[in-house]
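Asks: Mind having a look at this structure? Questions to follow.
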Amino acid sequence: MRLIRKILLYAILIFFSVIFLIPLFWMISTSLKPESQVMSVPIQWFPKPIQWKNYLEAVKAFPFFRYFSNTLLLAILNVAGTLFSASLVAYSFSKLHWKGRDQLFYITIATMFIPTQILIIPTYLLFSELGWVNTYLPLIVPAFCGGGAFNIFLLRQFFVSIPDELLEAARIDGASEFRIYSQIVLPLSKPVLLTVSIFTLLFTWNDFFGPLLYLHDPAKWTLAVGLRSFQQQYTTTWSLLMAASTLSAFPLIIIYFIFQKRITSGFALSGSGK
């Protein structure tokens, strides 16, 4: 009976895995097809012949490397800002005792339930008054101001699981709170820090609305906005569009496959907090 359950479980997992992988496989397959095979019926999953030149043509068709460097810059700064600010806030919520701490933490978590659409206009007006429109500041500064409620929650839950006795021993030895935070808590929190880094990287890399709203100069666009412009120019050239999309997604796919175990362990450990 137990063997049957295992077989059934693995069959279900494989089934849904295939369903989720089909779009990715179709994108890569289409990126290597001659245009005449893209809409062929029945579907030709394996291109014949393989058109590697589609990638070269896609890169030449729009400023891919400029958009790539813009996106990479934003991703690095957002990851750095989120790790620094969110971990500081999470440390305060988990290891420092002050009046109203828990209440403020619950309020912070409650902000996750506020629809993003409600904040678009006031946030844009604020950044416009500051003169930040058409700069990268609206896409970078928020990461250094808390890093998002979800990231704070994730880090706080992990920090709670770190024994207080370890921190008390450091305080008795004369260590400052910042030293405890930087030399004890952070090194012990590598799995969840990596998880937050990956999620922040994914969000920043795929963010379309933020760059579209604040960046008016095409030279400052990210890959997400650049791909949209590319799609409008080459509406029917699906092979080139899929080649550009594959190049855009490739770094994220590699990063996920390299760090997938640590991401999973970070989630599991972060859920152990109370």
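The backbone N, Cα and C atoms fix where each Cβ goes, glycine too.
Pulled these features from TrEMBL for this protein:
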- 7-28: transmembrane segment (TRANSMEM)
- 68-259: domain 'ABC transmembrane type-1' (DOMAIN)
- 72-93: transmembrane segment (TRANSMEM)
- 105-127: transmembrane segment (TRANSMEM)
- 139-159: transmembrane segment (TRANSMEM)
- 180-205: transmembrane segment (TRANSMEM)
- 238-259: transmembrane segment (TRANSMEM)
Asks: Can you tell me which parts of the same chain pack against the transmembrane segment (180-205), counting only residues 6+ beyond its ends and a CB-CB cutoff under 8 A?
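Replies: Beyond its ends, the transmembrane segment (180-205) has Cβ neighbours at 71, 74-75, 78-79, 82-83, 86-88, 91, 95, 139, 143, 147, 150-151, 154-155, 158-159, 162, 166-167, 170-171, 223-224, 251-252, 255-256, 259, 262-263, 265-267, 269-270.
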Asks: Same-chain Cβ contacts of the transmembrane segment (238-259) under 8 Å, 6 or more residues past its ends?
Replies: 24, 27-28, 30-35, 38-39, 51, 54-55, 57-59, 61-62, 64, 68, 194, 198, 201-202, 205-206, 223-224, 227, 230-231
